[in-house]
Structures are given as structure tokens and as C-alpha cells.
Amino acid sequence: MISRVLVAALVALPALVTATPAPGKPKASSQCDVGEIHCCDTQQTPDHTSAAASGLLGVPINLGAFLGFDCTPISVLGVGGNNCAAQPVCCTGNQFTALINALDCSPVNVNL
């Protein structure tokens, strides 16, 4: 019985070793995984009132996330003279409605 378990373990070990993903490169602090980096004139955390109002607009809001208002995409390289006087942000949900430009935003450290 022990020999069967030992043989099974020896057969399974190479399969586990080859299936393990290699660690990737660490990401730069200025990288935005979900798209472009935006410059938002105003950022705020939603409260229950704005979250309820957003439901009426059809825009789901996470109460723990930042909202971005009056946002424009910026280039990480600063090509074309793009700069951001406010804090650059990376947003997971770019829903451009009449009131809210970006959802679930987090600040990004970018030297523009």
C-alpha cells in the first residue's frame, strides 16, 4: 500500500512542478492594469445618498471606492504636453454619464 502511494506521489510531483506558474515582473507604480490613467478634477468617496442616487442613474457604485468627476485620459509618457494638476488615478469602471466620469478610482504615482 505504501509503495502505491509513493509511486503516485512520484508521478504527480513532476506534473505539479511543471504546472506552477513562474513569478512575473513586479509592476511599476505608474501602471494601470485596467486601461488608461485619468486626470480627474474632483475625487470623492460616495456616501449612502450618492450611492442611492447612482442607482437611479443606472450606475453601480461601491461605497468603499473613489469616484472621479470631470476626468480626461492622460498619457503616462506625457506625450503632447499632457499634464495633470490634480492627482492622476486609475479607474476600473469608466462610465461616462452626465454626472460621473469614472468609478472605483485609486491614486497612481506618476511623474508627469
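Yeah, the Cβs are placed from backbone N, Cα and C, and that goes for glycine too.
Annotated disulfide bond per Swiss-Prot: C32-C90, C39-C84, C40-C71, C91-C105, in sequence order. Sequence annotations record features per position, and here Swiss-Prot assigns signal peptide to 1-19.
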Cβ-based isolation winner (fewest other Cβ atoms within 10 Å) among the disulfide-bonded residues C40, C84, C90, C105: C84
Intrachain C-beta neighbours of C32 (disulfide bond), sequence separation six or more, cut-off 8 angstroms: C90, V108
Cα-Cα distance linking C40 (disulfide bond) and C84 (disulfide bond), given in Å to the nearest integer: 8
Other CB atoms within 10 A, centred on C91 (disulfide bond): 26
